[in-house]
Amino acid sequence: MDKLVCVKDFEEAAFRILDNNALQYYKSGADDELTLSDNKDAFKRWMIRPRMLRDVSKRNISTTVLGKPVAFPLGVSPTAMQRLAHPDGECANVRAAASMGTIYILSTISTSSLEEVAAAAPNGRKWFQLYVYKDRDLTASLVKRAEKCGFEALVFTVDAPYFGRRRANLRDGFALPPHLRLANFPKGSENSEALGKDRHSAFAFHDALLDQALTWEDVHWLRKLTKLPIIVKGILLPEDAETAIQYGATGVMVSNHGARQLDTVAATIDALPGIVERVAGRCEVYLDGGVSTGNDVYKALALGAKMVFAGRALLWGLAVGGEQGARKILQIYRDEFDLTMALTGTPNVDSLTRDCVRKYGMTSHL
Ligand SMILES: Cc1cc2nc3c(=O)[nH]c(=O)nc-3n(C[C@H](O)[C@H](O)[C@H](O)COP(=O)(O)O)c2cc1C
Ligand SMILES: CCCCCCC(=O)C(=O)O
């Protein structure tokens, strides 16, 4: 691992290590994967405007999120089935995040249960990503378990009433290996074993459980069910951010689900400024999608994100080196971001403002 010095190095190593079933599931985007590449390319369309001679000998890259501290402003997005990458899966990932002082978001569709993940990092900051099912008793029981286990927020994913068309999975199918299960569901009731038996039905099977009739009223339903903060994940338009606030969301996450749902939607960094403008400080705004370097973290914060998250990068870290690999990924983001702060004359995150970046082509001068 010593020779792997950036997220891209880990990605290339993980591509050599993972079996085809896991790799195609993890890496795929929807349809022609145009948004998948644009999520990354869009960051390159923003330049950084560095300021000189500003005493950067002492820097503070910590911040607060939902009123509590994080050591640096990058956390772990929820990604399903992390034991496909490493036998310790979610437990390794949450330990890595906790040891680095940042937030871990557990997917509903995890291969380690809420209870196992809580026990793996009792003192780490943990949020729970929620899919809302037709079976509301099942959904409510997930929420209650998250509360009991000390998860401090719910991340309500709103961009996946059905799963997108990930072509590699349609061609080759996807199988949850028989030694793994969807650990948050009682054995039998969710019938997770069926996922492994019929290679072509895994996504259709889960689609059938999801509630496609969800509306904004369901944010109210959740609001009544729990006192936990609710972060609405999957927002791409200012008007939806506005509605999320009206319905009681504590935060919004600008996300296109890692470009796995609807192709040709906006790259998240392009969607961010309009949403930040509309929200106007009424709630925290987070972002994920294509965040690959410390420079990307810097740009998203300059454009108004309170914190950013990465999904696949942590899967690459897990695949390469389990907990240690996931930790190294977080260290890379932290160290790159810290250096960007130093080289731009930005001693702390509060000094990051819109002036710190400019979009190429917007003006003839910097
Ligand atoms: C393999 C994989 C599984 C995912 N599973 C979930 C999930 O269970 N719930 C969810 O809300 N988002 C899920 N996502 C989306 C991520 O939370 C996140 O939005 C996305 O990965 C961010 O993009 P990035 O991978 O470029 O960092 C998944 C993404 C990937 C790549
Ligand atoms: C086989 C179950 C489907 C899980 C899908 C999780 C997810 O959100 C994703 O993007 O993949």
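Heads up, the Cβ atoms here are built off N, Cα and C, so glycines get one too.
Those TrEMBL annotations? Automatic predictions, nothing curated.
FMN binds PRO78, THR79, ALA80, SER107, THR157, LYS233, SER255, GLY311, ARG312 as TrEMBL records it, and from the list GLN24, GLN129 the residue named for this site is GLN129. Cross-referencing ARG95, ARG166, ARG167, ARG171 with the glyoxylate binding residues that TrEMBL gives (TYR25, TYR131, HIS257, ARG260) picks out ARG166. Spacing of ARG166 (glyoxylate binding site) relative to ALA80 (FMN binding site) is 15 Å (Cα to Cα, whole number).
In this structure, the C-alpha atom of HIS257 (glyoxylate binding site) lies 12 angstrom from that of ALA80 (FMN binding site). Proximity to ligand 2 at the level of Cβ atoms, with a cut-off under 6 angstroms, picks out ALA80 from the binding-site residues TYR25, ALA80, GLN129, TYR131, ARG166, LYS233. Only PRO78, ALA80, GLN129, HIS257, GLY311, in sequence order, out of the binding-site residues PRO78, ALA80, GLN129, TYR131, HIS257, GLY311 have a CB under 6 Å from ligand 1.
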